[in-house]
Amino acid sequence: MANYTLAPEDEYDVLIEGELESDEAEQCDRYDTWALSAQLVPSLCSAVFVVGVLDNLLVVLILVKYKGLKRVENIYLLNLAVSNLCFLLTLPFWAHAGGDPMCKILIGLYFVGLYSETFFNCLLTLQRYLVFLHKGNFFSVRRRVPCGIVTSAVAWVTAILATVPEFAVYKPQMEDPKYKCAFSRTPFLPADETFWKHFLTLKMNVSVLVFPLFIFTFLYVQMRKTLRFGEQRYSLFKLVFAIMVVFLLMWAPYNIALFLSTFKEHFSLSDCKSNYNLDKSVLITKLIATTHCCVNPLLYVFLDGTFRKYLCRFFHRRSNTPRQPRRRFAQGTSREEPDRSTEV
């Protein structure tokens, strides 16, 4: 009788204990992204915002006032700086209280800036390849600038259309009694919607990583085949390629972490320790990726001698008479810069 009554109780106790252990294991080491986000996001994003806005506004000033917009690459570089500014404008507002409309506006600016930057990086690389392939004669000067304006408009429209799904399905995270525009958690993943979760993650991976990586790799290989007979010409493409490489290097870790986090069931990463590592890696890699907007102006300074010259002129005001240096610089740019594109 005792055995009959104790055995079920023992078995029942074991089952309860196993369930509790399972629940504890499931929740034991879940990484609290809100905690680290509250510590790092406000200070880091504010610093990146200040530095990035100042740097990119300086780039816009140099391009518009000194270098001019009579070359297609300058038009693309200007739009690239504007894309960075759109991205940067969202950073101070992450992890702060805000309603649904405010968060959706931030999401829209964030992804429009990110996608447009990807497109302009690809356009810059493609433009330099076409200039080299056709030795500067594939378009007349009169046709190049309108073509640059049209392709820039198409890139912006495409970036806006690509952002519509994120804008439509985003829901702000609920924390305590307030809504927060969450930076730490992937902002465009709607709750309990597996299809949208997979679709938007794949769209992010393809748009920001796979597509530009394919464009860059293909064009780089094609150009290297021809440049082996004239390595000196390769220096003309350092700036454009450096911008693309830095963009890919800074966004690749986040895209990989996001992909693994979204499809963790397919990679046997659903255990508690893997969830902890994935949540942590998504947040940290995203924080690193947001700093990319501050890097492009540094590349201009280190790799573009003309930009450095205009930058020194802007800060030091070396010219004695304002008109003659302007003519001299204008003639220098019209003689030197178009020659670079035609020599290639």
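Each Cβ is built from the backbone N, Cα and C atoms, and glycine gets one as well.
What Swiss-Prot records for 334-344 is compositional bias 'Basic and acidic residues'.
Per Swiss-Prot, the feature disulfide bond maps to Cys103-Cys181; the stated evidence is sequence analysis. Secondary structure at Cys103 (disulfide bond), as computed by DSSP, is helix.
Residues or ranges marked as N-linked glycosylation site in Swiss-Prot (evidence: sequence analysis): Asn3.
According to Swiss-Prot, the region 'Disordered' annotation covers 323-344.
Annotation source Swiss-Prot lists topological domain 'Extracellular' at 1-43 (among others), citing sequence analysis.
Taken from Swiss-Prot, the feature topological domain 'Cytoplasmic' covers 65-74 (among others).
Taken from Swiss-Prot, the feature topological domain 'Extracellular' covers 96-104 (among others).
For 126-148 (among others), the entry in Swiss-Prot reads topological domain 'Cytoplasmic'.
Look at Swiss-Prot and you will find 170-198 (among others) tagged as topological domain 'Extracellular'. Summed and averaged per residue, pLDDT over the topological domain 'Extracellular' (170-198) gives 60.
Look at Swiss-Prot and you will find 220-238 (among others) tagged as topological domain 'Cytoplasmic'.
Marked as topological domain 'Extracellular' by Swiss-Prot: 260-281 (among others).
Per Swiss-Prot, topological domain 'Cytoplasmic' is recorded for 303-344 (among others).
Residues or ranges marked as transmembrane segment by Swiss-Prot: 44-64 (among others). For the transmembrane segment (44-64), same-chain residues at least 6 beyond its ends with a Cβ under 8 Å from one of its own Cβ atoms are 74, 77-78, 81-82, 84-85, 88-89, 91-92, 94, 183, 287, 290-291, 293-294, 296-298, 300, 307, 310-311, 314.
The transmembrane segment annotation in Swiss-Prot covers 75-95 (among others) and is backed by sequence analysis.
Marked as transmembrane segment by Swiss-Prot: 105-125 (among others).
Only residues 6 or more beyond the boundaries of the transmembrane segment (149-169), in the same chain, are considered here, and those with a CB under 8 A from a CB of the stretch are 75-76, 79, 83, 104, 107-108, 111-112, 115-116, 119-120, 123, 187-188, 190, 193, 196, 199-200, 203, 207. Annotation source Swiss-Prot lists transmembrane segment at 149-169 (among others), citing sequence analysis.
When Cβ atoms from all protein chains are considered, those within 10 Å of Cys103 (disulfide bond) total 22, not counting its own. Non-local neighbours of the transmembrane segment (105-125) in the same chain are 73, 76-77, 79-80, 82-90, 93-94, 98, 151-152, 155-156, 158-160, 162-163, 166-167, 170, 181, 187-188, 207-208, 211-212, 215-216, 219, 240-241, 243-244, 247; each lies 6+ residues outside the stretch with a CB under 8 Å from one of its CB atoms. When the topological domain 'Extracellular' (260-281) is classified with DSSP, helix, strand and coil residues number 17 helix, 0 strand, 5 coil.
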